[in-house]
């Protein structure tokens, strides 16, 4: 256990301490020690936040160490007193962090609320915020002006003591706005006690007072230039009944003087901006720049302010507060006259006198507006009257004095106007009833100090001295009470007492006393008064000083600062004189308002007018005026009156419980959320906040309950130190932790610590947690490292085992692989070599083959060439030889021919000669013989020679033949060769030519080939390039195609999704619209129910106030309803029929005029409020009577019409006429439907005639009644002595002559009103029909467009498809028409059945017409009859409503009987009435049932079990009416037996709607009842209670203690909520509530839980932490588990918790980087931007290990969420009730099986 060290030990810790050091620019700078402080050191080594190292020297005398900084977890606290170190830099830093980083403008400082002006409109003042703060403890919510207002309101109601809220601060700090919001809070949460909205009037006074009392200054655009104290009065029920306002120190000098960049009062600029309006033309105003009183500041416009619009607001406020237009006109005339007076120019006549030029335009307008003479006013503006003992002198005055007198008059007039308006505002706000208590709101100026300070600053600072004294005493008193309450020894705390300063100002011979004395001196001056001050106080009072360089100033040491006042102008301002003759001129004015302003001039105690010079002028509005004041009192100085009014104010404040609001102005440039430390610290010192801190720090500022201390510092205790007694445990621990017992004290319930001790304990706790963290980290790291080592070891062994096995397997595998490799190598090498050989062989063979083939081809080519050459030679030579041979042969043959021809010729010639002689022949023959012989021998010889020769020749021939053959061949060859040669020669020549030609062609061809090759190469390159480009383009096209396809798919998908989303959105929008309509309708039902309850309450009050029995006979209208109020069956006066009728006579049977007379008499005896209520009630009753009386007359006419038709025609003809009339009334909605002669017109004329006849009947009845009353006069007087007041008979006597006329007039009036209502109803029906026709026309247009689209589509199709589509379309159209005709046929059948039922009813009623009471049923009558049923004289015991509804115990039915038994019994009774066709019984039963249910709910509406029971039975009754209605849509699930039970005679569709409305009202009552039960549990169970103990740490809190999160005996927990939800669910299940309805109830329950929890989370900074987010997530998971257990996960309840879930997730996620911001934006889609930013701003670390959210990150979130379209509302609306629906749920229960037990006391019911 650690021991307490001295305070300097905090500067010597292990972690260097952080301190605050003074700074000239930032007031205080944060620094951190770089070297621990040692006792005796004169300097400290520090490092600033920007990294600069400095040395801070300590004061040589005091050796005071710099202030220590608070731990980071305490920075940004709601309450400054929660800070451990309470000093100026800690306060300033905490306010700066909250204001600039968290955007929080409110902070508590003990009992003070510090409000910093944000110069920006914040959404934190709406009605939802007001509702959130209403009823909450001040410490349970974040600081707010509403929290202070709620605390004041609560203390007023609890302690029965008046309250005050004191709002102070300098100009521009936001005092007026804070006071305005406080009054708005009171007006909202309390309401008004009277019919007039008093709270609206209270709020309406603000724009008026701002217009006449606020102005623009250099520090504030809407600065209040006066102080005001508004008392808001409350009655005993703590509702606003009125208010009263007191004003202080109006700055009148602003009327005639404004500094640069300042304006006059707003009202002047509003008038100038509205001068173009007709009602202001007579004021002759113009622009504000024209008038001297409004243009001195040279900036007459305020950015963002429309003065003309503000003028309309001011006029509306005047009207609301009862200031009529005539007075408003007069006020505006006076104010405009002030502007013209300021422009009056006064010139010098000489050095001692002045003059106004004649016919001065502005003075003329001034006199016209004020109703005074020009001569008098111009004269007294330049002269004054001097009175001596004997004579009176009129003396001219110089121009300067005249100008000052003119300004004094303007200021005096404005002060009178201001006071007059305040008086009338108070009259309008004055309470009409006795005030029980009040809350005062004081809006007063703060401490002021300028370069030149005068009388105004002196009075203001004097008032602040008094307020500061009261504040110090109150704080001191609270401290004392707290100490005494906790039984701690009380020792006086030394605090600054400013009583010496107050004595210096107000005591005898004080500053004010000497000032008044000097004012009485004839020759008194500011200099002589200053000398008196020096002589009196300079040596006797240490708070009074004299400036060194001035003899006309003095210095006073105020509580905030030293202020130097200039004496110039003090006397004149204190006197505040005005020329009396000028006042007399104004008193003689023709303007009534001006006369009224000055008529009490002699009685006014407040000063009027002012003296010249000075910065501001003062005016005091006293609380009341004394009529008998002396002349001395009339001339009290300003200082004296201000002192008196201030004393009265202090007396009022001391009699109340004060609440303090200190407004701070963060900067002078009006930049939003910009914090100037210098300006802030000046105001903190001046407003007393630091004094509060000092007083708190002087004692024991930190206070903890024992349980909170134990929970927070349990970590500093050992197990043995924890005892059952928490107080003893804390005492033991503190004695060990803190040795110095003066540092703490033990109270009864709390431990008190001195300043710094909590920080020391927090340091010990943080060190202990840090050591524990280190130990945990060490142990965890050791465990992690050992686990890691063991894992590594086990892994290494495993790896080694597997590695060694792997290596062995690898070795075996290697050996096997080696052997296999060798074998493989052998065969592989063989195979390779063989393959190489075969390859070589094959290559050689191939090469040989190729070579041989080449050589053979070459040889063949050579041989072929030789052969061809030889062949050519052969053929050439042969050709040549042949040619030569042929030539030779031809030549030889030719020669032979020639020779032979010659020889032949010769021989022929010779033969011719020889032939001519025979001898020749003989000789020839002898010669021939000889020759022949010779020849024969020769032949023989020759034969021998021939044989030898032949042999020889044969040999030769053989050889020669061979040779010849050879030669022949050669010759032939040669011939051929020769010929070929010749030919070849020729061919060679030709070939040579051809060759030459071919060579040329070859050359050309080569060139062309080269060109073509080049072109081909180029073309190929181009083509390749083109192909590449085409391929690339093709690829791009393919890619583009794919992209387009993908885009088309995506677009189609997007379009599909978009259409789906649009459809979903449209569906959602339609559902939303439907839900809104349902919600609106159900809200109207709620309002209707509220008005009914209000009506019943007022009637009960009237019944109690006018409980006078009426003697004698009273006429009872046969058509009058038996209800006392709407839908209320009147059965409360007696049980028998006679007593019931007598009760009807008492309550409603009285004559209208007699009722008015009696109420007039009651009005004279009672208060005005009761009379107004009675008159309102009577008017409503008259309206209802007329409504009920005339409706049956209309139905009687219809009945007579039907009776005549029954006598004239048969049943078929009657149906035809009914149909014709229905068509005439409903079908003819055109222009002539309402023309004369039309059926509606005839109906209205019939109604008018019947009404006139009824009027004549009423006149006769009135005369008969009057005669009866006169005849029974004596009997009535006899009974009046016992039962009624004496004046009753007198009223009857007075009524004799006027009764008939009055009654006739009232009857005629009611008849006209009825006709007007029926005309309006008819007009509405016609309008509805027109709307229907418009809808049909629109549908026809849509059908036409659709047909045109189909036609256009068909025209684009082929002829065959077009014909097919046309046929298909025609078939579809005919089918739809067929279905429509079938539906119309079914509707007509249903209509016929209804008409048959009505016909039966009419037939039955026609037979009963002789009885004198005629009642009919029509479809339109049912709804009206549900409101006011007809009079049914029936005994109460005949109706099961009282026994079954009023006396039934829901718990007994739920436990012992079937669910919904009352509904079944009521329906069976209704079915019996339907069976016997008794319409009276049906109406009576339904009306009695509805009214009885309303009655029991009104009586026991707070009992959840009762409300749930009747909600279930009402729904079941409604389902039964649907199930057995005979409607086919509801009969689908019925059994045949159930279908037999359907209603046969009555259509109760209208009653089903009434029952549905009743079910909605019961459902809303159930939700409210459930909400009232759950509301107190939600915040405690969901937020405050620690479901997971130990996760959330309790942070140090300030004076405003929050609700403890420790579960005490009476604290609600999450288990309490779950138990309550289970109780609700089980109750509804036992009562047989529909499952769908249970789901809707559960959804509403979870919405309330989520909304209330989230709203409190958003308004509680202490709840926005990581640990609290985990608690919320756990609680939500428990709620979801409950839903799973009840099988309700699909009911939509979980979705209602989504905002809360996302808020909890937001508290837990990382909040640093842009990725985190993106994740948050996508995650928190159910939270609005303002809610997300609010949670991030409120996020608060509970321990120092957590980090805050940076401002940059929050701005990143805001930037990302900028485009969201959402409402700026911060809080969820907890008053929302989801619209309820009642899905049809048929019952499978057979009605004949239901048994009625005797416990229900329904013995009079029997089964039929």
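Note that the numbers count up from 1, one per residue, in the order the chain is shown.
Yeah, the Cβs are placed from backbone N, Cα and C, and that goes for glycine too.
Noted in TrEMBL for the protein shown:
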- 169, 170, 171, 172, 173, 174, 175, 176: ATP binding site (BINDING)
- 918-1101: coiled coil (COILED)
- 1155-1265: coiled coil (COILED)
- 1323-1405: coiled coil (COILED)
- 1119-1133: compositional bias 'Polar residues' (COMPBIAS)
- 1138-1148: compositional bias 'Basic and acidic residues' (COMPBIAS)
- 14-66: domain 'Myosin N-terminal SH3-like' (DOMAIN)
- 75-766: domain 'Myosin motor' (DOMAIN)
- 1487-1763: domain 'Dilute' (DOMAIN)
- 604-632: region 'Disordered' (REGION)
- 646-668: region 'Actin-binding' (REGION)
- 1109-1150: region 'Disordered' (REGION)
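On the structure: features taken from TrEMBL.
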| residue | record | Cβ contacts under 8 Å, 6 or more apart |
| --- | --- | --- |
| 169 | ATP binding site | 115, 175, 446, 662, 663, 664, 665, 683, 687 |
| 170 | ATP binding site | 219, 445, 446, 447, 448, 663, 665, 683, 686 |
| 171 | ATP binding site | 217, 219, 220, 223, 224, 445, 665 |
| 172 | ATP binding site | 117, 217, 219, 220, 223, 665, 670 |
| 173 | ATP binding site | 115, 117, 220, 446, 663, 664, 665, 683 |
| 174 | ATP binding site | 115, 116, 117, 663, 665 |
| 176 | ATP binding site | 210, 214, 222, 224, 443 |
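Residues 169, 170, 171, 172, 173, 174, 175, 176 make up the record's ATP site, and a Cβ search at 8 Å around their centroid adds 117, 219, 220, 223, 224, 446, 663, 665 from the same chain.
The local packing around residue 175 (ATP binding site), expressed as other Cβ atoms within 10 Å of its Cβ over all shown chains, amounts to 27. Each residue of the domain 'Myosin N-terminal SH3-like' (14-66) gets a DSSP state, and the totals for helix, strand and coil are 0 helix, 24 strand, 29 coil. Here the domain 'Myosin motor' (75-766) has a mean pLDDT of 82 out of 100.
Residue counts for the region 'Actin-binding' (646-668) under DSSP, helix first, then strand, then coil, are 9 helix, 8 strand, 6 coil.
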